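Worksheet: one structure, shown below.
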Amino acid sequence: MTTVSAIGALVALIVAIFLILKKVSPAYGMLVGALVGGLIGGADLSQTVSLMIGGAQGITTAVMRILAAGVLAGVLIESGAANSITETITNKLGETRALLALALATMILTAVGVFVDVAVITVSPIALALSRRSDLSKAAILLAMIGGGKAGNIMSPNPNAIAAADTFHLPLTSVMMAGIIPALFGLILTYFLAKRLINKGSKVTDKEVIVLETQNLPSFLTALVAPLVAILLLALRPLFDIKVDPLIALPLGGLIGAFCMGKLRNINSYAINGLSKMTPVAIMLLGTGALAGIIANSGLKEVLIQGLEHSGLPSYILAPISGVLMSLATASTTAGTAVASNVFSSTLLELGVSSLAGAAMIHAGATVFDHMPHGSFFHATGGSVNMDIKERLKLIPYESAVGLMMTIVSTLIFGVFKF
């Protein structure tokens, strides 16, 4: 197998980051980065292309499952189920606990299979109304939603968890369950940090408040059917050794959910909408796979391992560090998890780190910098509350603190105590 130098792998990452910052499509940015890095790293054109194709092939099963998950996502978003869940939670907790309600609503939406940026956009109209009534700053409500979304993301059947489960050959539910305790710590920190920001930054004006149509929303219980069915089907493998692949479980959950809401006749339009949400992620992951193909077959792994050995740090630290670094490079939980898992999974297993521990720590680590400005999440979330770039940038340390908290807790559980 052709090996690329560590310098070549670093060049691949730098070129990819530079192009993404220049608003080039992330998929193209990573493809070009992989090509340039491979050539500079000592491989010829044919060898570089072979490494890129090999890396992309390694991620095709995850891509198939992500496309299938579009049915569940489409049903949740288009049927009004996501709005129903949000309305119920915020109404139950009331205005006095508005920040907790927003964090919890976004966490639950993300945990049941809604993309984290879509979850924030879904909750934002309610957040703006609560902010106006309770005199909360935009920074406080946005941090509450983002922190809740990050917490939900590491225990969800979303593309990031699918990528980690596929690479480490684990049941999807195992990766989801591994994120529950770190997510709860992340939620608690989010609430306390958001409370500190109540009077900092700009406030919501009357004209920014959006009135939602709530008359035709499904009930809270029927809204939960789709994700619950999907999770129960996935849970059959660890509980009873009955394997129902996410390729089947996620769309089937969406179908049954649509039936229970009395909206089965709309399933095709829901599926098409969900597919449109998943397609950019699937395409990006193919670019991610190509980049991972170069990095995985480079000397960069050895450089990182030697650095760990010289520092005296334990070998399991490679998992969260790789997740953190790749999320910084890609500004995406999904891409960060996919690259780190594909590049470092075999090394972690050789170092004695279990599959679940490696997947859990990489997954948590990938939430630390997934909100950086060269990714779409930064701009989509800021736009959801009409926040300007300067004010949005000030939230980055708080978002990173939430991701870091979840990473530390995950590392303690799976690295230090080896549960």
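Heads up, the Cβ atoms here are built off N, Cα and C, so glycines get one too.
Annotation comment: Swiss-Prot describes 1-21 (among others) as transmembrane segment, evidence class sequence analysis.
For the transmembrane segment (24-44), same-chain residues at least 6 beyond its ends with a Cβ under 8 Å from one of its own Cβ atoms are 2-18, 51-52, 55, 283-284, 286-288, 290-291, 293-295, 298, 330, 332, 335, 375. Per Swiss-Prot, the feature transmembrane segment maps to 24-44 (among others); the stated evidence is sequence analysis.
Tertiary neighbourhood of the transmembrane segment (66-86): same-chain residues 105, 108-109, 112-115, 118-119, 122-123, 126, 157-159, 162, 212, 214, 216-220, 222-224, 226-227, 230, 246-248, 250-251, 253-255, 257-258, 261, 263, 266-267, 269-279, 281-282, 285, selected by CB-CB distance under 8 Å and a gap of 6+ residues from either end. The transmembrane segment feature in Swiss-Prot is assigned to 66-86 (among others).
What Swiss-Prot lists as transmembrane segment is 101-121 (among others), and the listing cites sequence analysis. For the transmembrane segment (101-121), the list of distant contacts is 69, 72-73, 76-77, 82, 85-86, 89-90, 92-94, 127, 130, 141-142, 144-153, 155-158, 183, 187, 190-191, 194, 224, 226-227, 230-231, 250, 277, 281, 333, 376-377, 380-381, 384: same-chain residues at least six beyond its ends, Cβ to Cβ under 8 Å.
Feature annotation from Swiss-Prot assigns transmembrane segment to 174-194 (among others); the stated evidence is sequence analysis.
Beyond its flanks by at least six residues, the transmembrane segment (216-236) meets 72, 75-76, 79-85, 87-88, 112-113, 157, 171-173, 176, 242-244, 246, 248-250, 252-254, 256-258, 260-263 of its own chain at Cβ-Cβ distances under 8 Å. Here Swiss-Prot flags 216-236 (among others) as transmembrane segment, drawing on sequence analysis.
A Cβ distance under 8 Å defines the sequence-distant neighbours of the transmembrane segment (242-262), meaning residues of its chain 6+ beyond its ends; these are 64-65, 68-76, 79, 81, 113, 157, 162, 165, 171-172, 218, 222-223, 225-231, 233-234, 236, 270-271, 274. Summarising the annotation, Swiss-Prot assigns transmembrane segment to 242-262 (among others) and lists sequence analysis as the type of evidence.
Residues 1-6, 8-10, 12-13, 16, 26-31, 33-34, 37-38, 41, 48, 51-60, 62-63, 66-67, 115, 159, 163, 330, 332, 334-335, 338-339, 342-343 of the same chain lie 6 or more positions beyond the ends of the transmembrane segment (280-300) yet place their CB under 8 Å from a CB of it. According to Swiss-Prot, the feature transmembrane segment maps to 280-300 (among others).
Feature annotation from Swiss-Prot assigns transmembrane segment to 311-331 (among others).
Same-chain residues lying 6 or more positions outside the transmembrane segment (349-369) and placing a CB less than 8 Å from one of its CB atoms are 150, 153-154, 160-161, 164-165, 167-170, 174-175, 178-179, 182, 186, 305, 315-316, 318-324, 326-328, 331, 333, 336-337, 340-341, 400, 402-404, 406-407, 409-411, 413-415, 418. Residues or ranges marked as transmembrane segment in Swiss-Prot (evidence: sequence analysis): 349-369 (among others).
Counting same-chain residues at least six beyond the ends of the transmembrane segment (396-416), those with a Cβ under 8 angstroms from any Cβ of the stretch are 143, 146-147, 150-151, 154, 178-179, 181-183, 185-186, 189-190, 193, 197, 314, 316-317, 319-320, 323-324, 327, 353-354, 356-357, 360-361, 363-365, 367-372. What Swiss-Prot records for 396-416 (among others) is transmembrane segment, and it gives sequence analysis as the kind of evidence.
Beyond the transmembrane segment (311-331), the same-chain residues lying 6 or more positions past its ends with a Cβ under 8 Å from any Cβ of the stretch are 13, 16-17, 20, 26, 30, 288, 304-305, 337, 339-340, 343-344, 347-348, 351-353, 357-358, 361-378, 403, 407, 410-411, 414-415.
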